[in-house]
Each structure stands twice: as structure tokens, then as C-alpha cells.
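Database features, via TrEMBL:
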type	residues	note
BINDING	His101, Asp127, His129, Asp131, Asp231, Asp233	Mn(2+) binding site
Amino acid sequence: MTERKIALLGAQMGWGAQKHETEWGSAQLQAQKLDHALRAQGLNIQSFSQIKALQPYSANEPALEINAKLKYIIDFNERLAYSLAQMMATDVFPVVIGGDHSIAMGTWSGVVDALDAYEDFALIWVDAHLDAHTPDTSLSQAIHGMPVAHLLGFGERKLAELLDARPKIKPEHFIYFGIRSFEQAEIDLVRSLGIRIYDIKEINAKGFETLFKEVIERLSKQVSHFGLTIDLDAFDPSDAPGVGSPEKNGLFKKDVLPALKGLAKNTKLAAVEIAEFNPTLDEQNKTQLLIHEILIEIFK
């Protein structure tokens, strides 16, 4: 096992999703003692803390307007970014568990700022979706479909400029894996920036492990640090049913887990994020188990 001192951070945010119960994901994992299970398998878990939304979701309350959701998402990501920056200063390795994928704006803003790596931080984004809308292009206005655009410097200024006005990731340092669902405005932006997409067709043809290891080898030579964010809907629903936006024909854990084995031994890996676990949609704890398996493999 790696010697990394791991700090688990639950990001209880669901206002960015259309199914808000994803807010409850990290609390469910803590209640089920994920940290104890990981320690039992040799991981050096230092803590398991939680960040909560200013206004928690309740199924009994009236639906919120988009401006109210945006207010809570901005506040949450500001606090998340500061928390990540503080964690990075204490020599622990952050693992952020959400929560909808709007949390990525806070996670990676905090990590990049703490490392002062605005020019050479890379992010591997494993997802079924591009998440590259802005408020001007999104028909649904679901903010979990917008974090990539904001990390690249587009969209709502308060989110794009968390901790610093500079874009957090340069397009040439951004890599997608698992994409199979997107809208025209998203793909237009991503293509205009020249971002590399390993879509499901290419992955099926060449193999996830082969492509992923090629990317890790390349990034290890090109950048000072990199991060990994995994939206669980990247996986096929047969492996990860507990997500709010499932897409068929996804990645399979039998292909992904071997590629992740021992990743944390790479000293350039700065943080890991896992998003979009919705415990109300899980079946036979499959998705919860997958989160456990992902972390075990990364820190082997």
C-alpha cells in the first residue's frame, strides 16, 4: 500500500443535479464506515470530514429557483476550495467524495491554488458527459453540467474565478475518458479548445488500461501535478446503478480498476475526486462497493 496520508472529504452538494439526493452520498458512505473499511485494508486514513450545503436538500420543501441554487452552489464551492487549499498545506492527500459534479469547481480550484500550478496542472476527467455547458448554453440549467467550462475560465465569474481569476486548467492539460453523451454547445467548445477526448468507441477499440497508462506516462513528463476526477456515471449502469444520469454502454470496472492500481504511488498525483453517487438509486450496494474498490486500487 502507498504511504500517502489520506483525508476523506465528503462534499454534500446536490443542488447542481436534477436529482438532488446525490447530496446524501458521502453521508451514506460515512454512516456505512467507509473509512473503517479502508483502514482495515491498509490505507492510512487520517480523517473523514464533511462539508454541507448552506441549505440542505429536503424532498418535502418546494423546488428552488435556479438563482437560489446558484447562490448555494457558489457558497459551497468557495468553502470547498478553501478547505482543499488548507488540506493541501497539511501534507495530506485529499479524496473528495460527492455529491454532484459541480463540486469539481471547488475541489480543483483549491488544489491548483494550493500548488500554485495554474500553468501546468493536468486533470483527467472520467465521465459519460462533457459537463462543458455554461449558464448561457444549458437548457436544463443544471450546474453539474457546467464545471469543466468554469475550470477552463468560462461562464459564471464567481465560479470561474474561485480563489483566483485565472483559469484553473489549460485546455492542453485536460483529458476526457468515457464520453458518450453531450450536447452541441458543449462539443463545440471542447473541440474549439483542442481538448483530447477518449470516447467510449476508442476505449472499446484500444482498451481503457492501455490508453489510461499512456496518458499517465505522458502527463508525468509534461506537468508538475495532475488530478483524477471520476463521475460514477462513466461506468455502465450494470456496475454503477446509483447515479442520477446513467448512460448505457459505459465503462466496466473489470477494465478500469486494473488501470488505477497503484496510481497514488505516482508522486505527481495531487488529489482524487469521486462524484455523483446517489444512494437512493443504488442497487444491492453496487455503486457503494465500486467507490470502495476504486480507492483500494488507487492506493495499493
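All positions are counted from 1 along the displayed chain.
Glycine too: its Cβ is placed from the backbone N, Cα and C atoms.
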Helix, strand or coil: which one is Asp231 (Mn(2+) binding site) in, per DSSP?
strand
Out of His101, His129, give me whichever of these binding-site residues has the highest number of other Cβ atoms within 10 Å.
His101
Just jot down the residues in the same chain as Asp131 (Mn(2+) binding site), at least 6 apart in sequence, with C-beta under 8 A of its C-beta; none if empty.
His101, Ala104, Trp125, His144, Gly145, Met146, Pro147, Val148, Ala149, Glu186, Asp231
Protein Cβ atoms within 10 Å of Asp231 (Mn(2+) binding site), excluding its own
27
Reduce the DSSP letter at His129 (Mn(2+) binding site) to three states and note it down.
strand
Starting from the Mn(2+) site formed by His101, Asp127, His129, Asp131, Asp231, Asp233, give every other residue of that chain whose CB sits within 8 Å of the mean position of their CB atoms, in sequence order.
Trp125, Ala128, Leu130, His144, Gly145, Ala234, Ser245, Ala275, Glu276
